[in-house]
């Protein structure tokens, strides 16, 4: 089997990498593995959790079947046998635990109330700041509007004054033309 084929099969079977333990059972008695021309010798490693069966060997490659063995629980000690038996708690211990639980509950309540008070205070500050900003905006808008109205009033008055001046000049000019015309008519008689 080539190394590339073996690696490819191992990629296809990710669980095999979890269950396979390729360690030497007795490193002193077993000869060391020799790497030869991109091949893997499956007899070199001891695989305790799986079995590899060669199915077909031909020039184009090799096929094999990997059979995972079920886990065995031989030699595993029972948990109950190793654990010491729990003794019943005394009335004083129960009372102490209840008092400690009550203190924890009160502390948690106090922390929650403190947190809520801080949150409310922060909300009040945010609302107060928003009101102040709104009032400042209204004040600035009123000032701008008053300035604009004053400017418009001044421009209008200046425009009216200029129009009146032009009308007065036209009236003067018309009066002069009339006088000149009357003088010419009297002179021509």
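One is the number of the first residue shown, and numbering goes on along the chain from there.
Just so you know, glycine gets a Cβ as well, placed from its N, Cα and C.
For reference, Swiss-Prot has these:
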COILED    90-189  coiled coil
DOMAIN    48-189  domain 'SLD'
LIPID     20  S-palmitoyl cysteine
LIPID     22  S-palmitoyl cysteine
MOD_RES   90  phosphoserine
REGION    168-189  region 'Disordered'
Q. Quick one: DSSP breakdown of the region 'Disordered' (168-189) into helix, strand and coil?
A. 21 helix, 0 strand, 1 coil
Q. What average pLDDT is reported by the model for the coiled coil (90-189)?
A. 96
**Q.** Neighbour count (Cβ, 10 Å) for the residue listed as 'phosphoserine'
**A.** 9
